[in-house]
Each structure stands twice: as structure tokens, then as C-alpha cells.
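The block underneath contains the structure these notes are about, expressed in C-alpha cells.
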Amino acid sequence: MASPRAVQLSLRKPTHAVCVVGVETLVNVYSDVPKGAKTFGVSGSSEVKIYMVYDPSRVAEPAGWAHWPLDANVDVVVVADTVSKDLYDFKVKVSYFESQEAAALAHSVLYLTAVDVSLDVDTGRTGKVKKGSGDKKTWRWGPGGSGAILLVNCDRDIHGSREDLHANHLKSLEDLQDMSPMVLSCGGPDELFESHKLVLKASLSDSRRLKVFCARGGTSLSNYKQVLGPRHSSYEVERHSGERAIQFYVEGLAFPDASFSGLLSLSVSLVDTRPLSEVSVFTDSVTFRVAPWIMTPNTQPPLELYVCSVTDIHGRNDKFLEDMSHLATKANCKLVVCPRAENRNDRWIQDELEFGYIDAPHKSFPVVFDSPRNRGLRDFALKRILGPDFGYVTREIEFAGASGLDSFGNLDVSPPVRVGNTDYPLGRILIGGSFPKPSGRRMARVVRDFLQAQQVQSPVELYSDWLSVGHVDEFLSFVPTSDQKGFRLLLASPSACLQLFQEKKEEGYGEAEQFDGLKHKAKRSINDILADKHLRRDSAHVQKCIDWNREVLKRELGLSESDIVDIPQLFFLKGAYAEAFFPDMVNMVVLGKYLGIPKPFGPLINGRCCLEEKVRSLLEPLGLRCVFIDDFLFYHQLLGEIHCGTNVRRKPFTFKWWNSVP
């Protein structure tokens, strides 16, 4: 806590000073003491509270009208509890005595003008500004925490423009809802502000990451003036006669990142302009934290399902779009089809973007994270998704192109988990990389740094560089369940698939064929698959890679074996990297209890696909509904599946991120 401002007294003439309502002022009774004085007494106006600060081990509080000793280091602190009506209308008098019974040797007089200067924000996180609510300079996490929250104003309230944060003037009154309110109290005699000014400031680094707009009433956009921002780090406040409070609105310009913690501070100073060198009388400060970008896991209810309309040598993917429409209808989810004119025949919408959201007590809205992949869908998020109350953020890779691991099929998030004594109420981000290999492909540092800096979904890096495409969604998924755990982790499992095929062989179905029903793929019997030494060798290698991730996931997400479901799946090696042997079933789209699963075209046993039946037996007892969809020609043959070719915007968490403790 800062020391109170000190005022020096004089026996020769009255002292005049300015104080702030509710703020302590130290009156220095030792600066000019009459000769022979040994004690002193203090009196003052009724509007001024007088406090004596002393060490009880050195001096006792005098009784009645007795005086205080001058040799006991007793401090006098005064606090005005109301605003002055006129200049210097409050009085404090200090009288000095030689003894308790003697008349006063001399008097010092202090005349005070009390002003109300306070910078206030929503430190209580209620959505409303409350004056003088606790420590405004310190931002604290947790349910009992405090501190204001700032949204990055990354949506677009006016069609045809860029994100609102790029504008130097207010473009719509609706845009104020995306900003955090801030109130400057400035009550006091108008005459005082002829010799004093109020200065609103941010540091140079902070001013590059926020903007402040001053509101002057009315409904015209011209009533809102930008006063702080990248070009202006200080602003001399224009206080009107009789004005007691001024409304401001603050917007964020940047998300937390490697070089930015997310904390931003603003201060207001009452400055005395009479001296040759201006003197600050009082400063009040507030601190904001920029709201992080938050991902939503498969366990959150779906709101919109995105899919692309494309054409290739097999024609148009109309049947797949129809299947997606039926699935979305079952899940009561809106279907959004991105036309070919907007996707440039790029079908991999999962790789292009990731839906998340930002949240503050006064406002929340979805924000799409556009990957640095920049292929046919590169303009879709910016041109078609960005809009009113729908934000946009991206990260670009400088001096190099994006690798396959920079696509957002390589970005996922777990449901909420508890690991030991640590809670992750918003889950943990999962990305794929090359570890434990000494070298290989990794997600670009600029993306990893961004994800890490959000703090509330502490990322875990998995091993995905064993795959040709290299994405985590090729070997894992999460599904919601209605039991106490609330979810299961699905892992692709070559061992489970080979075991299933062995069981079917022993039951007498060894001649049943994989890829039955496909015109464009040679069939292979169960016997042939089980006898394929190369496929078995590849399966053993892939299983080791998945098992390595299994242990990491168990450790980092606090999972037990009962939380994991092994989904039968075979892979083969092409060079040093693995690809799915048949449509990869864990690469599914999850819409509540409805799962859109790539149809595996497995061996038919009594007219039913044994792979589908196995997956149903694993998942449907958990309350899930398996819908198998043919994606073979348009997706699987191009090394992707349903999850790669779809994207889902989900309902935000009800849990408030500021109640977490990273």
C-alpha cells in the first residue's frame, strides 16, 4: 500500500492543500514547531476525520482534552469524507503547548479542498461498475478473486469492414457492448480545476494493446471520442463545469501471447499545474486482464455443423452433405454449408479453423481461430464467419510456410478433468508434435505460444508425427456420456482390430472380406489380413505410438483405463509414416449423443459389418447413437475422414474462466 501524501505545516501562514475524498493525508506536525513546545493537539472541520497513528508501547492515548507528546513519533492522518463545495472550505488546526495546563504557544492552520477522484471498473465481475470496490490494481484468479476483464473487440458490427478493433472511431453504438465500462469520478469545486487537471494514462506498451473511448452522452457516434490507444498513451481529461463523473469504454486489441501476459493498466492523476514543474497530487489505477480465447470440447452441446460442398473426379459430394444434414437434424443442430465458390474446392474445414469463444461478465461471443494453413478456405473465416458478435483471430508464420501439423485437425481439447489436486475446469488443449523423436514436425511456435498464453486450458503436446498427415484427430476423440465421469476417451487400436478379426476367424468367418461393398477398392479377407506380416508389423509399430500417447493422456488428464475405449482400427506404413488402412473411425464428428462415424466397410458377418457392430457394442451402452457415414471416396482416399471435413461450433462453458486458478 502506498504511503499517504504528506503536507508540511507552517507557523507563519496558513497552508493550503488538496486532498481526495476517502484518501489519507499525512499532516506533518513536526515541520515547524514553536520553541519550548512539548505537546500538541489537533482539531478540525466536521467533514474531516482525524486519526492519530502511534506505537502503543511508547505512548498511551491521552484522556479527555489532554495533548499528545511531540517526542513519541505520533503521526496525524486526516481523511475528508465528503466533497468540498468551495475552495479550501475544510480546516485542520494544530496547537502547540509547553505543558498540559498552559495556553497554546502557537497554531498551524491547514485549509483543505476535498475532491472526489476515482477510476472505477468492474472489479467485482458482476457486469456493473461499483465505485471504490477493493484493490483495483491487483488482478486475482479464483472464486474469491477480483479484477476487471477486457474483451478483445475482434468481432465486426458493421458489414464490409475489418474487425472493430482496427477502427479509430466508434462505428456503431452496439460496439459499446463489446467494451468494458470505466467511470472517472471528478467531483469538486470548478475553481479547483482551473489550476489542476486530470490526466488519463497507459504505459506505451499497454497503449498498443487497448483503446479508450470517452462518452459524452447522447446517441450520436460523435459523442464517443477515442482518447487513448496505439497513437496516444495519455489524455488530458476535458472536465465540464459541475461534472462529477465521466464515462469511458475500454476495448482490448490483442490476446495474451508469448510477449503479453494479458494484464493491462490504466491510471488517472490529479495534477497541480501551478508550479513550474507540474506536480501529481493523487493517482488512482486499475488493472484489466484480457479475456482468453477458450476452446470447447466434444462434450459441449453442438450449435452449428459446418461442411464444404466440393466437386472432384467422383462428382459432387451431395450424398455426404445429405448425410450431414440428417445427422444435424437428429442432433437439433444447424447445418452450415460452405459453397465451392467460398472454399475453392478445399474440403478440410476442420484443418482451416477452430471455434472458441471469449467471455466477460458483461458480454460473451464466439471467436473463430483461423489457422496459418492458408489454402482454399483461407478467406472463409474472415469473410463469412466474422460478423456482429462473432470474432476472429489468427496467427501467421513469418518467413516460412505452414507444415501439416499447423492445421487444426492437430488441435483438440479435452473435457474438464482433475489431475491429482489440480482442476482443469475448462479441459486441456491437445496438440500433436514429434516428441519423443529427437527431430521432426511440430506445430509452429507462434501457434503454440498463443495457445499456452491463454493459461486456462494448459496445453499437452502429444506424439502425432508418426502419421503421414500428423494430426491428433487421427487417433483420438472424446465422446460425452451420461454417467458420473461425463466422457470417454476413444483411441484407435490396431491390437483391438486384429483381436476382433482373430475372433471372427475362429468363429469360422475367415473368408469374410474387408471393403465389401466398395467398387473402387480390392477386397481382402480376414484370413489374408491376419496372414499379412507387413500389416502386422506396421500395426505393432502404430500400437506402440498410440500406447505412448495413451500413457501421456492418462498422466496429463488424470484418466484411468476405465475412462478409455479402444476403437478397432488398422494402419499401414507408407515409408516411415502411417495411414489408415480403412476409414478411420475415431475421426468422427460428435454432435451430442449422435456420432457421425466413417463407415469402415468391414467384413460382413450375417449381413452386418463386424467393425460397426463392435463399435456399437462399445459406445451405445454409454447412451450414444452411432451413425456410420460413407466418406470413402471424397475424404478417406485423400487421407482424411469426417472430422477432417467438418467443424462444429459448440455452446460455451457455463463455468467462468476467471474462477479458475491456472
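Every residue gets a Cβ built from N, Cα and C, even glycine.
Ca(2+) 1 binds ASN153, ASP155, ASP157, ASP175, ASP178 as Swiss-Prot records it, and from the list ASP164, ASP190 the residue named for this site is ASP164.
Residues PHE408, LEU411 are given by Swiss-Prot as Ca(2+) 4 binders; from GLN350, GLN455, GLN457, GLN484, that same site also lists GLN350. Of the residues LYS334, LYS363, LYS383, Swiss-Prot places LYS363 in the same Ca(2+) 2 site as ASP155, ASP157, ASP178.
Fewest other C-beta atoms within 10 angstroms, among the binding-site residues ASN153, ASN374, are seen around ASN374. Take the CB of SER371 (Ca(2+) 3 binding site) and look out to 10 A: across all protein chains shown you find 27 other CB atoms. Sequence-ordered, the extra residues of this chain that approach the Ca(2+) 1 site, with Cβ no more than 8 Å from the Cβ center of ASN153, ASP155, ASP157, ASP164, ASP175, ASP178, are CYS154, ARG156, GLU163, LEU165, LYS171, SER172, GLU174, GLN177, MET179, GLU251, PRO388. Packing around ASP164 (Ca(2+) 1 binding site) is summarised by its Cβ count: 24 other Cβ atoms lie within 10 angstroms of its Cβ, all protein chains included.
Checking the binding-site residues (ASN153, ASP155, GLU352, LYS363, ASN374) against PHE408 (Ca(2+) 4 binding site) with a 10 Å Cα-Cα cut-off leaves GLU352. Sequence-distant neighbours of ASP178 (Ca(2+) 1 binding site) (same chain, 6+ residues apart, CB-CB distance under 8 A): LEU151, ASN153, ASP155, ASP157, ASP164, GLU251, LYS363, PHE365, ASP389. DSSP assigns ASP175 (Ca(2+) 1 binding site) to a helix in the three-state reduction. Packing around ASP370 (Ca(2+) 3 binding site) is summarised by its Cβ count: 23 other Cβ atoms lie within 10 angstroms of its Cβ, all protein chains included.
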